[in-house]
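To start, the structure itself, in structure tokens.
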Amino acid sequence: MFRYLLCCFGLVLMYPTGIDMYLVGLPQIANQLGATEAQLHIAFSVYLAGMATTMLFAGSLADRIGRKPITLFSALLFALASYFAARSQSSDLFLVARFVQGVGAGCCYVVAFAILRDALDDKRRAKVLSMVNGVTCIIPVIAPVIGHLIMLRFPWPSLFYTMAVMGLLVFGLCLFVLRETYSKASFHSQTLPRVQTESFKQGFFISRVVITTLGVTTILSYVNVSPMLIMGQMGFDRGQYSNTMAMTALVSMLASFSTPFLLNQFKEKSLILFSQTLFAAAALVFILTQLGWLGQLFNLLGFGLVCSGFAIGFGVTMSQALSPFVARAGVASSLLGIAQVCTSALYIWVMGLLEVSAINILLAILAVGALISITLMLAVPKLSEMVANEQIPESA
């Protein structure tokens, strides 16, 4: 099992690394390419667009030709796109490279979840996805620090050369360590008849898509508005802001790595409901601070509750969402990724157009998301009869 965990960790980490590592070099990139920082901030959206437009394609292909070929192609594509981003001489070429980089990262992200679905049973998968989430949570803190250290001695292209090396390392892992978890023979003889029964229209899958999507939208909204809340509203300087984000990342990591142990004591449903209760509690804290009933420093408690809620609930809910699928696990993973990326981007964009304040952007998704998610968890039970029919490869 270790080989699958190692490869999937590498595949998943390319997605957040591609977002966070280059930000520290944005002023230098803008200066050299003759663009403004505001113009290059679109590189974030372009990267996500690359992910979203290819996720479904990657999942469908992974269900047809296998997981390993897609991981090799995607990791190599990420490495090549990173190299060409480093060599860009204009902002247009840079944005094209960022789009392709997003394509590679998105494919890797989708196939990693499909591999874990193939290789692990329901209980182990929930624990592993929580651990994957814990490692992912520290990337937004570690990646900019690594980027800063690199730029102390090297120019901004070195950031993308580093990402290219990372892509090549993951390519090597997948080539020499990863074993194919998807059997064509098994597919045609056993799982092909199940395609008709593995419907994406079933209420259980849709409910888990909604819950995970609301969770991702919540955490990305928090990351997006955190500078305005922490530095603008609370009056922290940049150093204090960095320390605050580092502490919340630590909270996320601790909560994520605690989840596997909690799963030994509590049911998955209980943990998901608890995570949504933490979101609701965070909304209450923010309301009380805005009314003046609590001091502004209590916002830090709210931030911790947001991060803990996401860390505890996301991996478990993702595992439940994938559990009904054997023959179509790749496409299921794709649909989850597309819903999460597109909904998050749309929510933040619409709230920006409506000029909603930073605190209200976060409050709205916390309150509404918790209410909807708790309702769905209570109304739509887990499809245990489908999970009981899973066939896990012996190699796991």
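Placed from the backbone N, Cα and C atoms, the Cβ positions cover glycine too.
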In Swiss-Prot, R153 and V356 sharing a membrane side: yes
Result, the transmembrane segment (278-298) in contact with the transmembrane segment (361-381) (3+ CB pairs under 8 Å): yes
Stretch in 5-25, 42-62, 158-178, 334-354 most in contact with the transmembrane segment (210-230), if contact is a CB pair under 8 A: 334-354
Closest-packing stretch to the transmembrane segment (243-263), where packing means Cβ pairs under 8 Å, from 5-25, 299-319, 334-354: 299-319
Within the topological domain 'Cytoplasmic' (264-277), residues counted as helix, strand or coil by DSSP: 10 helix, 0 strand, 4 coil
Considering the transmembrane segment (42-62), which listed stretch of 5-25, 93-113, 158-178, 299-319, 334-354 counts the most C-beta pairs under 8 Å: 93-113
